[in-house]
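Only one structure is covered here, and it is reproduced in the block below.
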Amino acid sequence: MATAAVVDAGDMPDPTVRNLLEQETLKWVFVGGKGGVGKTTCSSILSILLASARQSVLVISTDPAHNLSDAFQQRFTKFPTLVRGFSNLYAMEIDPKVENDDFSNEGMEGFLSELTNAIPGVDEAMSFAEMLKLVQTMDYSVVVFDTAPTGHTLRLLQFPATLEKGLEKMMALKNKFGGLLNQATRLFGLGDELNEDAMLGRLEGMKDVIEQVNKQFKDPDLTTFVCVCIPEFLSLYETERLVQELAKFEIDAHNIIINQVLFDEEAVESKLLKARIKMQQKYIDQFHMLYDDFNITKLPLLPEEVCGVQALQNFSKHFLTPYKPALKRGTVEELEERVSILKSALQEAESELDRLRKGKQDYQDY
């Protein structure tokens, strides 16, 4: 695994994503984690930050939910589209289900259906291979993947093995049925280009593409995986599972982004929020204990959604500089703010009381 960037003060890795911007050899950046932790926001902001440091950046959503369009507030398709406000940042959204236009003829439908049903994930693998072929024809400096929730991401890493199974299944069918398949294609008037040899060739070609890219994925100079999570038990567990699987696939990971953090230093009066802060801190401590050699970036929970280029750019500062609360508990400024809030609340309560008294008096007079 690549060594995490270390700050001079102390011996802890830098709690930002600067190491990703400084790694000039980086070609592939995967952003993944449990559903609903803010992967799309993080991958969008990472792509914006990389666009300021690299010549050209492509961010791809492989999540069926396709939230990239929502994050940037711009419609994206399965073809790279320039993000508004940028000259070197492109985005695209792909469907993880294969679009087999070449095999749409009725005569082949049953055969392909058997193939995709026999090997779970082969359709996604073929789709992913097609997308990688497209990306390789374009010369982007770095590609950021906004991946689907963890289970889908781990399947993505298994695609070379999945296509291997597809080829084995094809060969078994070829051996089993001999020339019947070719006769069937001619009978249905599909032509020789759709015989089993043509399909075997296509699967072989896709497998070659994925294996070639897979070698790059296993090179820590070219590829890294950024784990996004929130400070809760299930997310911690999912992140641990993800990191272990990445290690098994020999894919580098040394950045964790902990999103939606409530900071203890902030002026918090709510009992509920105080309880949440205490709970979160327990899991944040566990993250630091388990991943003491990772760059761990903490992002604050915001009162509003991060949507649109401007909001993404504003929030991106917390990726480069550790978040510091505007008001710290126990300071003069914090006490002044609390007094101001209490005065305002008192005025509202007095006004409400006056209205109720007046209403009661008017009712009695009536």
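Quick reminder: no glycine exception, Cβ is built from N, Cα and C everywhere.
Under the heading domain 'ArsA/GET3 Anion-transporting ATPase-like', TrEMBL lists 27-318.
For LYS34, GLY35, GLY36, VAL37, GLY38, LYS39, THR40, THR41, GLU232, ASN259, the entry in TrEMBL reads ATP binding site. Cβ contacts within 10 Å of GLU232 (ATP binding site), excluding its own Cβ and spanning all protein chains shown: 17.
Among the features that TrEMBL reports, active site is placed at ASP63. Around the Cβ of ASP63 (active site), 23 further Cβ atoms fall within 10 Å across all displayed protein chains.
Residues or ranges marked as coiled coil in TrEMBL: 332-366. Mean pLDDT of the predicted structure over the coiled coil (332-366): 78.
For GLU232 (ATP binding site) paired with ASP63 (active site), the C-alpha to C-alpha distance reads 23 Å. There are 22 other CB atoms within 10 A of the CB of LYS34 (ATP binding site), with all protein chains counted. Highest Cβ count within 10 Å among the binding-site residues GLY36, GLY38: GLY38. Distance noted between the C-alpha atoms of THR40 (ATP binding site) and ASP63 (active site) is 9 Å.
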